[in-house]
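For reference, the structure discussed in these notes is given below.
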Amino acid sequence: MLDASISPVVLVILDGWGYRNATEGNAIRTAETPIMDALWEAYPSTLIHTSGKDVGLPDGQMGNSEVGHLNLGAGRIVPQELVRITDAVEDGSILENPALLQACSAVRQHGSKLHLIGLCSDGGVHAHLDHLGGLLKLAAAQGIQDVYIHAITDGRDTNPTEGVNCITKIERLIATAGVGQIVTICGRYFAMDRDRRWDRVRKAYELLTIDGEGCGQTATEVLQETYAKGVSDEFVEPTRLAPGAIAPGDGVIFFNFRPDRARQLTYAFVEAEFEGFERDLIQPLTFVTFTQYDANLNVPVAFEPQNLTNILGEVVANHGLRQFRTAETEKYPHVTYFFNGGIEEPFPGEDRELIPSPMVATYDRAPKMSAQAVTDAAIAAIDKGIYSLVVINYANPDMVGHTGKMGATVEAIETVDRCLGRLVSAINRAGGTALITADHGNAEYMWDENGEPWTAHTTNLVPFIVVEGERRKLPGFGTEIPLREDGRLSDIAPTILQLLGLPQPVEMTGRSMIEPAAYEVKQGRTPVKVGV
């Protein structure tokens, strides 16, 4: 029989599983979810905040997976890069940023071109048009006239055809700054892959590096023609609009602030031993990234990472306890790199297992994704009886929800619900406790008030459930565990530390979701059994 000290606390992150009462357009309410429904009714449950100022974003800004996992792991509200960079644009300090000035200096030295690459979107998840506006003002202030914009269209964190409005906004930014020209346009499907689908990235890279006269159309015309074919912004074919390829001596600023979908294209430009596809390394090239995409990349970084200390994984490791993280490819960086505050290397005693995501064009074609295998990995880790903390992410609600396909998203939700039943049974067998939550909303809002597909995240609250185990009980509580009703993601790490009996460090400013006990234990509590 396993010792009680190694009955685990298991954090289950249902990525994109938001709460919304209305059934219309709600894949979660439409789906059959007997396990989640039973857990919600049988165990202490509440709703928590995952957006805006509650996670370090501007008020009203939807959350995302990176932000969510940062807050989950840090146990404090983490000021996000979106806010940091927007502040720099608004207070003018972006005009004095050393890394950005380095790119401008190289362009002046070589009499060359400045290229601005990034997601042209107001979604605020990977980039923001306000930041592009700041870069155009910087170029103008530095006297650089040859400024070429390589626009990556969104359609995933925004409405599927919002790109045409974003192009109009860029044209206004260009007019205001007096410099800049959109020379290429490309959907994020190609330029921002993160699953090593190098055939996609190669198309984007070749668009940026092989010159030509262009297609004779404006960006707006290309998008309108794309929409007429029933294709959204995410899948816009890489298209050259005008001359202006990246060449030796040029300067490049990649203005995405979120690393995970900017890495692969960056590797193609800067790695000498790049193996994704054949290409000649462009040298010299001053390539600046807005944030640190990879600690091993030797490139100037405009906004260096924040140093987060005494985060959850670190505290667990410092007390000599072992932990396990697992997710499929699409969310693996989130339960590792982002959950650990932007640190790539695991902490001592932290084991990880990556489950490959299915190789399909879009996940509506495989809505089950790799949820079964992720569940198997988590159960195997729990059964070992050596881990005090297990963190698991189910990608399906978010990744399939992003496709805008209702039927597929319902299947994704039902798949996760079945897996959750198996997982909770394993946790109960081990005497552990499960904390079930989500990092942001998505699948609960599949189309807008006009009946158009909604493929972005939401600002809706998400569930939080404590499935208390037989050997991970909280001392001082009776038959019920009272939960706070004003919680946020940063409160979950302190809750985990309380369950593990570990002290909360002063840097961790979140508050446990569990209200102080009002009475003494009067009877035993046995986990409620749910069907699997």
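Yeah, the Cβs are placed from backbone N, Cα and C, and that goes for glycine too.
These numbers come from a predicted model, not from an experiment.
Feature annotation from Swiss-Prot assigns Mn(2+) 2 binding site to Asp15, Ser65, Asp439, His440; the stated evidence is sequence analysis. When secondary structure is read from DSSP and collapsed to three states, Ser65 (Mn(2+) 2 binding site) falls in the helix class.
In the shown protein chains, 28 other C-beta atoms lie within 10 A of the C-beta of Ser65 (Mn(2+) 2 binding site). As annotated by Swiss-Prot, active site, phosphoserine intermediate applies to Ser65, with the evidence given as sequence analysis.
DSSP classifies Asp157 (substrate binding site) as coil under the three-state reduction. Residues or ranges marked as substrate binding site in Swiss-Prot: His126, Arg156, Asp157, Arg188, Arg194, Arg258, Pro259, Asp260, Arg261, Lys331.
In sequence order, Gly16, Arg156, Tyr363, Asn442, Thr455 are the residues near His402 (Mn(2+) 1 binding site), counting only same-chain partners six or more apart with C-beta under 8 A. In the three-state DSSP classification, His402 (Mn(2+) 1 binding site) falls within coil. Look at Swiss-Prot and you will find Asp398, His402, His457 tagged as Mn(2+) 1 binding site, backed by sequence analysis.
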Round to a whole number and give the Cα-to-Cα distance in Å for the pair Asp439 (Mn(2+) 2 binding site) and Asp157 (substrate binding site).
15
Counting other C-beta atoms within 10 angstroms, the emptiest spot among the binding-site residues His126, Arg194, Arg261, His440, His457 is Arg194
Whole-Å Cα distance, Arg194 (substrate binding site) to Ser65 (Mn(2+) 2 binding site), is 14
Quiz question: given the binding-site residues Asp157, Asp439, which has the greatest number of C-beta atoms lying within 10 angstroms of its own C-beta?
Asp439
Within the same chain, and leaving aside Asp15, Ser65, Asp439, His440, name every residue whose CB is within 8 angstroms of the centroid of the CB atoms belonging to the recorded Mn(2+) 2 site, in sequence order.
Ile13, Gly16, Thr50, Gly63, Asn64, Gly68, His69, Lys331, His334, Asp398, Ala438, Asn442, His457
Cβ atoms other than its own within 10 Å of the Cβ of Asp398 (Mn(2+) 1 binding site), all chains, total 29
Cα proximity to Asp15 (Mn(2+) 2 binding site), best match among binding-site residues His126, Asp157, Pro259, Arg261, His457
His457
Test of understanding: give the count of other CB atoms lying within 10 angstroms of the CB of Asp15 (Mn(2+) 2 binding site).
26
